[in-house]
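First up is the structure itself, then whatever we jot down about it.
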Amino acid sequence: MERLFLSGGIKIKNLILEVVNLKKHFPARGGNPLVRSERTVKAVDGVSFDIREGEVVAVVGESGCGKSTLGRLVIRLIEPSSGGIRLSNEDVTHVQGEELRSLRLKAQIVFQDPFGSLNPRMTVGASIAYPLQVNRLFKRGDKEGVEQRVKELLERVGLNAAHAKRLPHELSGGQRQRVGIARAIAVNPKLLVLDEPVAALDLSAQARVLNLFKELQRNTGMAYLFITHDLSVAEYIADRILVMYAGKVMELGPRGGVFKTPWHPYTEALLAAAILEGPSSSDATILDGDPPSTIDPPPGCRFNTRCPHAGPICAAEEPALVEVQDGHMVACHLLTGKLQRRIPASTRIPVSA
Amino acid sequence: MVSLSPNSTSDRSPSRVMLALSNGRRFAKTHKSIVVGAIMVGFVVAMAALAPVLSPYSPTRIHPLDRLAGVGSPGYLLGADQQGRDILSRLMWGARSSLAIAVLPLTIAGILGLVLGSVAGYIGKLPETLIMRSMDVVFGLPPILLAIAVAATLGPGLVNLVISLSIVLLPPMTRVTFQVVTTLKEQPFVDAAKVSGATTPQIIFDQIIPNSLAPVIAYGASLAGSMVVFGAGISFIGLGIQPPQADWGRMINDGREVLDLHPHVSTLPGLAIFILAAGFNFLGDGLRDLLDPRMRM
Ligand SMILES: Nc1ncnc2c1ncn2[C@@H]1O[C@H](COP(=O)(O)OP(=O)(O)OP(=O)(O)O)[C@@H](O)[C@H]1O
Ligand SMILES: [Mg+2]
């Protein structure tokens, strides 16, 4: 095993996803097209975590912090710059061709945009049947088998057989998202990446689709990587929370721990802002100041430019992710004693769970 | 916003026919150019289709006694040419080759261009360089020279004219597909197909081509008018349809020598070309507006 996985490459029975020091650097957009730019966007910059069977991990953070890039890496829609990804104990970091296609049976994604993610010229039934056909899960010509399966899937997501003949533009946003979900679960994946799957829906549809996710998860035991910028959604659905900031993990831990006793000043700020502005607040206004550019991230801790507690050490040295409690990890100098809280911890805003 | 309930039943009102009718009327009003174009082209198509039934004479029947009969002379509604051939009959039969020239090369170039442009646009890299650069080379030549060169090499005749016009049309059809596809491939549903496990050819044929069809057809339709004129021009200079077969471009040439005294021999086929070309232009522009709002001026 050439890559360094926490598991050491050993098979662990209920480990679905293992991500180690994952990085994705894009060439910076814009600039002079004639001069090959050396600058890179460090969209995901050294992220490690894992997901067990049937577990829901929520990835939260502001716009542009690399959540979608992380999700797209995990299902290998894009290739990592470095680091490792293991899916069901198989190294999939750089698989290509047929191997990559067989990975599609294990991990699927539901996209944010319910309008753009369905082919406008395919009926709902054809869209849902597509993964079954390209993966040859039914015998050639077994139309009835496919139809039956599509009907079953439509019912699983709260639609019915009659919807199969519709075109996407005839459906509401919530219905379209259900079609996207049916398509994703058609191949019985073990892991579902959900990239802000309810963000484009109105509130009542959000609640219903979230319930559907919860129900599906209970019934099938799928694991979710649930990307959202809405903390109330994360709190509702997730077992564990991963807080990202500028391509890095700031805090990762069980839902109760992260929401009730957040350690990282960034997590605190996110929670405080969520309480002040209500659950549907736009992620753009959560904190003062802009998130640092991921093109030239500040040295040291990425959050130091906006952190109320930041001291000299924060700009000089990057804090490591350390475990503060069982499974609760935080990357902050406050923990190592190298930095003192400016505001006593007791004044932290209480958060109801 | 309507009910988002997943089980909401069909919201189609019962008066579907009424709806279709009023939609039709609204369509005619907002898409005048499609309606006008469809009428003009439809008229020519009808003439071509009914030529065997309606045309008074065979288009090649020579009757020297009636040569250069004027418009409205007995038995010759639109007159006769120098050889005494009935102009009306020749116009009706000639509509066939004009329509073939407008439609066949576009269809051939459209299908090839759709595949080549999709492959170049979706895959990029080497296929893009190979396909698009070779199109640049073909496109760099003036189309009329290209068509003349091809016709001169292959020889005259309808089939060779169709081939040469297909070559002329291939670069623009490939390019427009390429442009459509480069934006199309960023759509989330293409990513969704990739994640579904589709191979590159499957994505191109199932996802990319069906969605580039409408804008590419619209663009192609807007070229049909020019093809009528272009094809007539090639026949006029003798590299297209060969006599005695009836062809509008050929007919204009036939009337050239008697233009001063018997102008109808040349002007009537000229008028026919104008009607068909203008009809296609109206139709094409209207279709473009309808199918591809992005290209609207
Ligand atoms: N293909 C790409 N090429 C260049 N830069 C990219 C590319 N994809 C993403 N980025 C950049 O990477 C950073 C992270 O983007 P990403 O979409 O992962 O953020 P996000 O957390 O999902 O944000 P949002 O909440 O707005 O969806 C951004 O700065 C973005 O501009
Ligand atoms: Mg995103």
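These residue numbers are counts, starting from 1, taken along the chain as shown.
Glycine residues also receive a Cβ, built from the backbone N, Cα and C atoms like all the rest.
If you look up TrEMBL, you'll see B:95-284 marked as domain 'ABC transmembrane type-1'.
Residues annotated as transmembrane segment in TrEMBL: B:34-54 (among others). Same-chain residues lying 6 or more positions outside the transmembrane segment (B:34-54) and placing a CB less than 8 Å from one of its CB atoms are 27-28, 89, 91-93, 95-96, 98-99, 272, 275-276, 278-287, 290.
Beyond its flanks by at least six residues, the transmembrane segment (B:99-124) meets 44-45, 48, 130-132, 135, 158, 161-162, 165-170, 172-182, 184-185, 200, 203-204, 208-209, 212-213, 216-217, 220-221, 223-225, 227-228, 230-232, 240, 276, 280 of its own chain at Cβ-Cβ distances under 8 Å. What TrEMBL records for B:99-124 (among others) is transmembrane segment.
According to TrEMBL, the transmembrane segment annotation covers B:144-170 (among others).
The annotation transmembrane segment is assigned in TrEMBL to B:216-241 (among others).
According to TrEMBL, the transmembrane segment annotation covers B:268-287 (among others). If you look at the transmembrane segment (B:268-287), the same-chain residues 6 or more away from its ends with a CB under 8 A from one of its CBs are 31-41, 43-44, 71, 78-79, 87, 90-91, 94-95, 98-99, 102, 217-218, 220-229, 232, 248-249, 251-252, 255.
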Distant-in-sequence neighbours of the transmembrane segment (B:144-170), which means Cβ under 8 A and at least six residues beyond its ends: 97, 100-101, 104-106, 108-110, 112-113, 116, 135, 138, 220, 223, 227, 230-231, 233-235, 237-242, 245
Other parts of the chain folded back onto the transmembrane segment (B:216-241), taken as Cβ under 8 Å at six or more residues beyond its ends: 97-98, 101-103, 105-106, 109-110, 113-114, 117, 143-144, 147-148, 151-152, 156-158, 161, 164-165, 168-169, 172-173, 176-177, 180, 247-250, 252-253, 273, 276-281, 283-285, 287-288, 290-292, 295
